[in-house]
């Protein structure tokens, strides 16, 4: 609800100026994917996600795992669109050639990372349906668990690094802007909110090794999937809030902080 509220505020602010740009279009795509991800996860809980396998029938386990697989597929493009949105917003702020090259490189890294992650997930089992129903496809060829862990760790490392870079690098030129100190502090704090997405990413990464280790996959999937969803939602929040700087400042004035 909070994410939709903040996103609506961003969209209204943009439409008031009668124009949208690529950072707006990409965050819209991220929100659509995030809502679909949340919907699929919620549907999976109705079939047993978050419960111990012992209490869930085999057919319901298959349905839950199928929905969880679909949820996982949406995570990488959601995060990609969030990072691209932030990078596109920064492209509008500073026009130096080195800065533009750096941001386009960040966008390229996000696209490549998303593509690699999605392809790996789609091809981790052949046929694909064996990913959520191994019993039905006993002869399926699947990647070793260690390969899946390595893929996730690499993607998490890239995600954490880009979160930190996109959150902190803008502060280096914000401090040089000819603006009052108060404005610089507010803008730096708003731009730096993306750092909180790294917390969710780190927590999620620590849970990866536990997934499936107990043989209780639906129970283990709950925390891992929730933290993935939180990471996406915090990312959308961080991408939208800087566009609400003026309303945010007015609110701080009203409550006496500024």
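Every residue gets a Cβ built from N, Cα and C, even glycine.
Since this is a predicted model, take the numbers as computed values, not measurements.
The domain 'Rhodopsin' feature in TrEMBL is assigned to 10-250.
Packing against the transmembrane segment (20-41) from elsewhere in the chain are residues 3-4, 7, 10-11, 14, 49, 67-68, 70-71, 74-75, 77-79, 81-82, 84-86, 88-89, 92, 225-226, 228-229, 232-233, 235-236, 239-240: each is 6 or more residues past its ends and has a CB under 8 Å from a CB in it. Summarising the annotation, TrEMBL assigns transmembrane segment to 20-41 (among others).
Taken from TrEMBL, the feature transmembrane segment covers 73-91 (among others).
Under the heading transmembrane segment, TrEMBL lists 103-130 (among others).
Sequence annotations record features per position, and here TrEMBL assigns transmembrane segment to 150-173 (among others).
Annotation source TrEMBL lists transmembrane segment at 185-204 (among others).
Look at TrEMBL and you will find 224-244 (among others) tagged as transmembrane segment. Only residues 6 or more beyond the boundaries of the transmembrane segment (224-244), in the same chain, are considered here, and those with a CB under 8 A from a CB of the stretch are 2-3, 6-7, 9-10, 13-14, 23, 27, 30-31, 33-34, 37-38, 41, 44, 49, 68, 71-72, 75, 78-79, 82-83, 85-86, 89, 159, 163, 167, 187, 190-191, 193-194, 196-197, 200-201, 203-204, 207-208, 211.
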The domain 'Rhodopsin' (10-250) [mean pLDDT, rounded to integer]: 83
